[in-house]
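What Swiss-Prot says about this one:
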DOMAIN    1152-1205  domain 'BIG2'
CARBOHYD  ASN73  N-linked glycosylation site
CARBOHYD  ASN289  N-linked glycosylation site
CARBOHYD  ASN609  N-linked glycosylation site
CARBOHYD  ASN863  N-linked glycosylation site
CARBOHYD  ASN903  N-linked glycosylation site
CARBOHYD  ASN967  N-linked glycosylation site
CARBOHYD  ASN982  N-linked glycosylation site
CARBOHYD  ASN1171  N-linked glycosylation site
CARBOHYD  ASN1199  N-linked glycosylation site
CARBOHYD  ASN1550  N-linked glycosylation site
CARBOHYD  ASN1568  N-linked glycosylation site
CARBOHYD  ASN1743  N-linked glycosylation site
SIGNAL    1-22  signal peptide
TRANSMEM  1829-1849  transmembrane segment
Amino acid sequence: MVPVSFCFFFLLLLLSAGESSSQLVSGPHITDVNILLPPKMKNPVEYRLQGSDGCFKWSWDHHDILSVTPEFNSSSHCSTSARLRSISPYSGRKETAVYATDIQTGMVIRCKVFIDNFSRIQIFHNSIKLDLDGLSMLRVRAFDNEDNEFSSLVGLQFIWKLMPESGGSTHHLAHVPLKESPLTDCGGLCGYLDIQKKLEDSGVFADLFVVKGTKIGHEKVSVHLLEAPLTHIADEIVLTVAEAMSLEPRSPVYVLMGASFGYTLKVMRGNVPQAVDLPSPHHRWSVLNSSVAQVDSLIGLTKALSLGVTTVVVEDTRVAGHIQGSSINVVTPDTLILYISPWSMSGDLITESKPFPSSMHWYVVSGRQYLIQMKIFSGRPDAHEIYITETDDIKLYGKDSDYWKIVSLPDELSSEYGQRNSRILNAISPGLGELTSTLTYFSGHQESKEVLKVVQEIRVCEKVQFTLNSEDDTPKVLLPWTPAVYQEMELIVTGGCAKASSDYKWFTSDISILSVSAYGIIQAKRPGIATVKVVSTFDSQNFDEVIVEVSIPSSMVMLQNFPVETVVGSHLKAAVTMKALNGATFSRCDAFNSLIKWKTGSESFVIVNATSEMMMLDELRSMDSSPPCSRASIYTASTGRTVLQATLAKEFHYFDKSLSESIDLKATLTIGAYLPLSVRQDSDGNHHGGYWFDKAQEETDFGVSKLYLVPGTYVDVMLLGGPERWDDNVEFTETVKTLYEDEEDLTSRVNVHHEVDRRANMYRISCQKLGSYKLVFLRGNLLGIDHPVPAVAEALLSVHCSLPSSVVLIVDEPVNKLDVIRAASQADRAPGRLRVTPVTVANGQIIRVAAVGISEFGEAFSNSSTLSLRWELTSCNNLAYWDDDYNSKMTKSGWERFLALRNESGLCTVRATVSGIDYSFKSQYSTLLPQGSESTLTDAVRLQLVSTLRVTPEFNLVFFNPNAKVNLSMTGGSCLWEAVVNNSRVAEVIRPPSGLQCSQMMLSPKGLGTTIVTVYDIGVSPPLSALALIKVADVDWIKIASGDEISIMEGSTHSIDLLTGIDDGMTFDSSQYSLMDIMVHIEDDLVEHVTVDEDSLSVGEHVATSSFKIAARRLGITTLYVSARQQSGGKVLSQTIKVEVYSPPRLHPQGIFLVPGASYVLTIEGGPTMNVSVDYTTVDNEVAKIEKSGRLYATSPGNTTIYATIYGSEGAVICQAIGNAEVGLPATAMLVAQSDTVAVGHEMPVSPSFPEGDLLSFYELCSAYKWTIEDEKVLIFIASSINVEENAGFVNVVQGRSAGKTRVTIAFSCDFVSPGLYSESRTYEASMILSVVPDLPLSLGAPMTWVLPPFYTSSGLLPSSSEPQKHRDGQSHRGNIVYSILKDCSSRADFERDTISINGGSVKTTDSNNVACIQAKDRTSGRIEIAACVRVAEVAQIRMKSEGIPFHVIDLAVGGELELPINYYDTLGIPFLEAHGVTTYNVETNHRDVVFIKTVNDQPSAYIKGIKHGKALIRVSIGDNLRKSDYVLVSVGAHIFPQNPVIHTGNLLNFSITGADNEVTGQWFTSNRSVISVNVASGQAKAISQGSTHVTFKGHGLKLQTKVTVLFGNTIYVDSPGETLTNVHVPAEGYKFPVKFRENKFAVTEHGNKATFNCQVDPPFIGYTKPWMDLDTGNTYCLFFPYSPEHLVHSMSITKDMKPHVSFSVDASLKEARRVSGSASALLIGGFSVTGPDKLNINPDSNTTIISLVGNTDVQIHCRNKGRLSISLIKRDDFGIAGHAQYKVNVLRSEQFTDRIIITLPATGQIVEIDVCYDTGESLVASSKDGYSVLLKILWGVLVLVVSVIILMKVIDRQVPTGATGTATYSGNAAQGTPERRSGTVIYHEESPRTPSPFMEYVKRTVDETPYYRREGRRRFNPQNTM
């Protein structure tokens, strides 16, 4: 153990040593520690002493000889440099010191300053030789007599002179002014160039001088000081100007032995290199080692002789010593390498490409040129390229090939690239070949040579090219883009010797605009232009590029490739494409398929899912069409036209201001559907020997394809369906043509006449001669505008002109229906065409008898009127006769007659015979009828006259119940009948009572099923029968037919209709409902089931009819369902419907006053809320207008009435609310305050108002508020309380200063403007007198006095013990602190009267204006002190005031929430300690569409939430007293989050934008980069140094700003607890967030104890925090108490996007320095609570129950025995942490059992168990036995527990005295024997879950200010267990 401890101690020493050393390196610094300055002169000399890594305060010793001027940075709070200047004339050498004190660390740096006179000066330079046209900077430096250099000469004046050295007039140097030179002083950080330039501009020179070489030669430069009496001090130098020389090839030059080459000499003239013609008279050449190389002295021709190194020198003879040299290295070669580089067709090397050596594979592109270079390198390791000369033997083979050609370089380029070692390769065609290069050289002796050889393989490839389907062959791709839609497109590429897709590499120039995959699939990212480059993996120079432009779609058009109309029941195809702003179509846009919404303007055209129809896509691709972006298939359900619309709408922000904020593209197309073209017979043949058709039936139900006509007759036909005329721009066709015809001319046998006068689609077809033909009717639209494809429909009609082959009679039918004709023609007949079977008809009536012609094919004729008919009656004398009068009235045709039947029964024969041609047609058609046709053209029928028997109803659905009965009624026939059922197990016939045998029959159900009841009338011959179908069934369903949501006004009743039936949809008659045991089930007592006769209470009563009534009792929403009992015993349930009970609607406010131009959002209080809409109207729109949202605009003075009408889902009016509005111009204004008096040091808000209204009526229209106070010694305005820029200047806050009265005045102007209707401006002035009440002369108790309201019981304010809970008296459970009220014993009445009393830990008050003090006595130590005093006062004022709302202005983000605390004050402005529930308050706003306000359960807070951008004024008032009001202006919009943060140096902070309507893009800026740096794009900031600055965000039309404060170091650290945080089963002490302090001046007080701190939670709606200290360990915490699920459900503003977990932060800040803060983030996972009992008792009468959950509804629920219980979810409002769910529990078995339902939340592991007991009412003997055993166990357990407690108490009694004594006598700091002190509070009653911060502040202040109070460790506690 000892070695381990020693190692640990040694490690700590090392760490501390390292820390100390790091501190020595870091810290503040200055540039100089010793400075030499001249004395005060005519021109002062300044020196800047620069500091770094600190913020300095400057001081110096001798203020008489030195001046120090600090310089501040941009923040004006920190000095990092100072200017030093001597201010005393010279009187000998002087010394002083300057001190730089770092205000952050306190470190002091000393700088010694010497002041002395000049002894000499000297010109300093970098070189005495400068180039021709070159610059040189000369500087003067001064020295004292000890040769110490002066630190600065800036500011002194000098005289500079230039003079030729030879004394001539030609100068070789010229002066360059400083302002024209390229010199800089780094913005003043590295020089004083600005001062030196000013000196030159004034005509003198500074210590800095710049010259330029103008001519070759020598020049004298002199300088002397222009400062009396030191003008004799001077200096002089000589500078040489020479011409700059350079040699090519560049040095060093490596050559082979025997090589010969010449140098090129270049000189700089005018900063341009120029070659010198050799030989030159001014230049001579030489070599240092002539054994290695030799050189020509005139022209510089050099030859390498032997291996070695030497130098060639060229000298300019005009300037002595001006030479230039080049190193020559004669070497042997080591390697020969070939290089290939791309070569442009223009003859230039492509410089950006890197040459490829022969060590790599060479790939070249067919059709391109390449430069091949042969290079030689010397030996390794330092290989150098050898300069190839004309004498070197180097060769290249393989010039001729099928794949390439090699040519020499042009002469003009041979000097640059080398004629000997460079060639140009022209690639011709793809293929593979080789090149060979050799070098022959001397190996070291002139006699022997060696050869280097290299062979290189070359592959020629095709050029890499994109394959684009571009019309203009421009390599450009256009792709669309919108946010979250990334269009993709595959690019096709060829060439590059590629064999697979992996042989290409893809690149994009801007990945933020366009991305590309490894397979060539590009994806659009944002708008812009990017270049996609594809490169062959074998050759990086073989590539192709395509420009891809990504743009936002500008328009959308329909593709004109499909028909726009089609026949009903088929599909129309449609497709759209999009275009860019320039009209170009996109290359691909199918990614928008899902975003483009298709819709039609009619329900007859249905959009079906056609995205997977590949045939349509293939069809589009095969067409010459633009690429489709979206496709649709439209099913045509019915006829008509509509507009097909494709819409692409999306809201977003762009990346620059030139782009709009949304996209809304539409493309429309008119489409239509028509019925199939058909021919319908329009003329009726019913009276003319033809068939009948119903003109009234639907046109699509009746068409004709064949017509049979007798010559001489006609028929009218009508065209139905087909396309209608499209429009005037589309040609419409409607024709008739012959498909085929007989030999004769068509016009001679048929006539088709278009009846234009009657109807456009009517044709008359008349038959002229015998024969057959077919007609084709064509109708439709051809090509035209918006009609790209013709749509022509056709219909065929066959016409037969012939004679009937037979006739048939139709008896007792109103018309000649085709089915009746067909049945009659197919009936059996006897000779003479007499129908065998008689036709039975009822007697006593007139019946119609008609004849119809039948063709040889059995088809009925359409018209046979050309033929005449003869009618005959046989054996009908007493039975029937022709009613001629009726015939003449009803018909004029001979093909139908009317027969009158007598009331007799029997047989009667009717015959009709064709007798010839009608007389009107005989002349033309007399020869058509053949001889002997009468025998065949006849028909006869026998009539059986009887009475008809009928049974009603013919179908009956019967409920299966023994008590059910079915009555059947019979009519007609005789009274002799028999009834038979075909299934006796379903029903039986019961004979009716006497007297009803002939009219009724009764059935009784016997079993489930269907049966047919047949009734035979045996009284007629032949017997007649009638049928009835009976179905016996059990009820399958019951339904509430009145709707799923019902709204009822409170106090009224509502009738609900029911339906019952079976699965096939048939319903029972209401007479059977009484047998179904129908019950009404209501969730709660909001509504009650009442009887129909009276409104008596009858909940659960049976329903015996098809409707029942409910009465609305209380407000709210409940559910209701009904049940019916089946015969099997089971129950069927209806759907559950919602029933809402609403109060009568009221318009809020019901009466309002506004000024012209003001607005106010009205709302409806009460009224229904389910599926309703509200319509607002005003009677007089000239006075006020109102929008649909309820926003009322005052326009001009007057009065009007406002109606708010509430409509249901079907448009019916449900109810109405009425209000009134007055618009006027107030004549005067007044100033309003909540009280006329205010105490000294206290505050009170004041605001203007009008007699007719308040601030809500006019504040938006007024401005220029000017506040004044007559006597500011009495009253003052609080600084910065008026913020006119925030439009809150209408509210001001005054504070009392001294006793007295004074007048407060306000003046303001208002512009009452209603655009186009009213305009007037007025100025108002108002004032009031306020009194300031002074403090009492001696009011030491005022700070420790609690203000409470009268007749009030406080929360537990009085702690009962100073000991922790576990050390209290375990027997009595009483604390050791006793409280009592101090009373005046001299007055017995006052003594006995308890005006203020103590109840436990609470204080109770009675009347107002009472004051009492509370005495506290410690029973342990006997100490007595005054704990506090209580004053009782009336609540007189109200405020919305907190630290976050200091000046009545709030900035709130959209969607953001904020809690507004409600505080109460007395008449003097003194706040109440508590006033829970004493009075009511109202919170109102003029714009409820901007801000949502919610108050919860009379809590002293109002919660607001930003709804949309805008401003709203919030007013809080005591009751309806508007004088007792306070105002807060809320501005809702986008904000920077977090607002006004405080961070520490080195920390990071992410800024973001909250509350914006859409996604915001822009840039971030900081006003001071030295304090904080911020990322321009992301908004991430880093604190650099201490200070304050502003962070600004600039976006599209948006500029936001917030202040940032940076503190030095982290002073407060907050950590998160490691456990899972939830709001269920919260620890009693809450969740602990450890808070740690850094020991600096912010965190330590003068007494050494930790300073107090505050805790806050954000967002505040999830819980509350309070600070706490563990007195034993000294650890400090923020205790977090989350609100329960029940509290969150009732207090939170519910939104749909809430989650079951909430991220929050806990912030801790010092009370003395709130900027010093820290925070920690954590995640709260919501739990759940079960509302209701923890045990469910269910019985057979109610075998279902409901389980309700609140909170986190992501639970799992199950029971142990699934065969007994079923659990189903019936309702779930998933609002995250504040959700609500209901589960329905059904009993499946009718047997007694117990079970347990287990509800589990997987996220937290929370488990809740609910016991279930199902009692059938059977014998409880067995359970009683079990109950006795359980009771015995409980009694035994209680007995054991009592004994254990007694023993434990005895043990504690023996140990308490020792512990108590030790605790009472020990008064030092906490040691091992000190008990653990964790709590000093017993909470008797808690009105609010939040710790009252005023109470904490007050107790601290009371304890600190109490005289003679001993601040011992035991006594210094906070009653709320807080710091």
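From the backbone N, Cα and C atoms, a Cβ is placed for every residue, glycine too.
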Handout entry: Closest of ASN903, ASN1171, ASN1199, ASN1550, ASN1568 to ASN1743 (N-linked glycosylation site), Cα positions, glycosylation sites only
Key = ASN1171
Practice task
For the domain 'BIG2' (1152-1205), provide the mean pLDDT of the predicted model.
Solution key: 92
Problem - Number of Cβ atoms other than its own within 10 Å, given for ASN863 (N-linked glycosylation site) - result: 26
Completion exercise
For the domain 'BIG2' (1152-1205), the DSSP helix/strand/coil residue counts are 0 helix, 30 strand, 24 coil
Problem - Listed in sequence order, residues with CB under 8 A of ASN982 (N-linked glycosylation site) and six or more positions away - result: THR1011, ILE1012, THR1014
Handout entry: Sequence-distant neighbours of ASN73 (N-linked glycosylation site) in its chain (C-beta under 8 A, six or more apart)
Key = SER79, THR80, SER1570
Fill in the blank from the handout: By a three-class reduction of DSSP, ASN903 (N-linked glycosylation site) is assigned coil
Exercise for the section: Indicate whether ASN1550 (N-linked glycosylation site) is helix, strand or coil by DSSP. Expected result: strand
Handout entry: When distances run from the Cα of ASN1550 (N-linked glycosylation site) to each of the glycosylation sites ASN863, ASN1199, ASN1568, the nearest one
Key = ASN1568
Practice task
Check the Cα-Cα distances from ASN863 (N-linked glycosylation site) to the glycosylation sites ASN289, ASN903, ASN967, ASN1171, ASN1199 and tell me which is shortest.
Solution key: ASN903
Completion exercise
In the three-state DSSP scheme, ASN1743 (N-linked glycosylation site) belongs to coil
Practice task
Please name which of the glycosylation sites listed here, ASN903, ASN967, ASN1199, ASN1568, is nearest in space to ASN289 (N-linked glycosylation site), Cα against Cα.
Solution key: ASN1568
Problem - Among ASN1199, ASN1568, ASN1743, which are glycosylation sites, the residue with the most C-beta atoms within 10 angstroms of its C-beta - result: ASN1568
Problem - Set of same-chain residues at least 6 away whose C-beta sits under 8 angstroms from ASN1171 (N-linked glycosylation site) - result: GLU1045, GLY1208, SER1209
Completion exercise
So ASN289 (N-linked glycosylation site), by the Cβ count within 10 Å over all chains shown, scores 14
Exercise for the section: With ASN1568 (N-linked glycosylation site) as the reference Cα, tell me which of the glycosylation sites ASN903, ASN967, ASN1199 is the closest one. Expected result: ASN1199
Exercise for the section: Round to a whole number and give the Cα-to-Cα distance in Å for the pair ASN903 (N-linked glycosylation site) and ASN967 (N-linked glycosylation site). Expected result: 30
